[in-house]
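First comes the structure, then the notes that go with it.
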Amino acid sequence: MREILHIQGGQCGNQIGAKFWEVICDEHGIDGTGRYAGDSDLQLERINVYYNEASGGRFVPRAVLMDLEPGTMDSVRSGPFGQIFRPDNFVFGQSGAGNNWAKGHYTEGAELIDSVLDVVRKEAENCDCLQGFQVCHSLGGGTGSGMGTLLISKIREEYPDRMMLTFSVFPSPKVSDTVVEPYNATLSVHQLVENADECMVLDNEALYDICFRTLKLATPSFGELNHLISATMSGVTCCLRFPGQLNSDLRKLAVNLIPFPRLHFFMVGFAPLTSRGSQMYRALTVPELTQQMWDAKNMMCAADPRHGRYLTASACFRGKMSTKEVDEQMLNVQNKNSSYFVEWIPNNVKSSVCDMPPRGLKMAGTFVGNSTSIQEMFRRVSEQFTAMFRRKAFLHWYTGEGMDEMEFTEAESNMNDLVAEYQQYQDATADEEYDEEEEEERDAE
């Protein structure tokens, strides 16, 4: 069975992760004690992807929880599904990272990382055929960003051929937690570009907008935002957990979505959007679902896909529906909006269909797109970074932990290169490349 090992780090990562497990347990019919109480064989058919079956028929999540302070983990442990995790898999320090990337990556985090890696190894040995890792973290704080990226690079060393998928919450433009977010995020992106295979980009502002505009919630709480994220996470992985007509795994997803190795930052969307309390009263049709999925207002990161072009995209539909209709709708989207897709990658939209819809819905869809417009987000963080770094503001917190200014400069230029690469492929056309080759051939003669 192709297992996925889930790792969550820092406050944000642990809160999203806890929500994710609530959703997954619900879909697979696992109750708060880890016992199966569902009603469909489909729920158990590929349950090994995320769960290890322990003695007495209990299902234990393949999850590692880490943080540099005990607070968030205590609340996970006392939450509705806190009892199903392996107690040894909670790894935490006492000092906290104080929103400082350097503490998470070099000092405090580095002291704790070996005990995290021990747990990761133990979980990996429990797998028949480990498919890859998924990491939940935010890039604005200290633990999720600093220690999260440290762990990713260590896992990369030890398991170089396994997929590394991250769900990364970027700092949002208007809603800021910490003044040093741009530093932490830039240093993290510097790591993610090199060491992760696929990054699902989320950000609080886009989630706020969705809650506000689409779900009509006056004051969205983090619980509501995390509910949206967990719906998306569950959708991205549903093809792996349930049988379906067109299945995919992490590697297939990567092969279809990543035309160039560095450009692996994806926008995600989910349809139909519902708030936690309300369920949809009428079933959506495949065309409606498709339309909502591709809607720019549905994207969970603050970048507008209409400002760029899609290099590739993938859609996972869930529920009983005709594959033919799905294919027709996806083709329809591409034909009507052909200017938003690069023409030098033909058939760049892949769809998969999975039989099990999420709880309480007849059908749903998850969208993952590799769009050049995501550069808007990197650009925004980069501008904030430069504004502070030019004056060396707050740098002493980082140099005090043994970091060098050089590292900041490198991270900054790596992020700017990334933006430039996205721009280059946004402007590229099929003919232009071809002309250049012809000219080169002529010169060679």
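The backbone N, Cα and C atoms fix where each Cβ goes, and this holds for glycine too.
Noted in Swiss-Prot for the protein shown:
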type	residues	note
BINDING	GLN11, GLU69, SER138, GLY142, THR143, GLY144, ASN204, ASN226	GTP binding site
BINDING	GLU69	Mg(2+) binding site
REGION	421-445	region 'Disordered'
COMPBIAS	429-445	compositional bias 'Acidic residues'
Binding-site residues compared (GLN11, SER138, THR143, ASN204, ASN226) - highest count of Cβ atoms within 10 Å: THR143
Maximal Cα-Cα distance (Å) across residues annotated as binding GTP, namely GLN11, GLU69, SER138, GLY142, THR143, GLY144, ASN204, ASN226: 23
GLY142 (GTP binding site) CB neighbourhood, other CB atoms within 10 A: 29
Close in space, distant in sequence - GLU69 (GTP binding site), Cβ under 8 Å, 6 or more apart: PHE92, GLY93, GLN94, SER95, GLY96, ALA97, THR143
Cβ-Cβ distance under 8 Å to GLY144 (GTP binding site), same chain, at least six residues away: GLY9, GLY10, GLN11, CYS12, GLY13, GLY104, CYS136, HIS137, SER138, VAL169
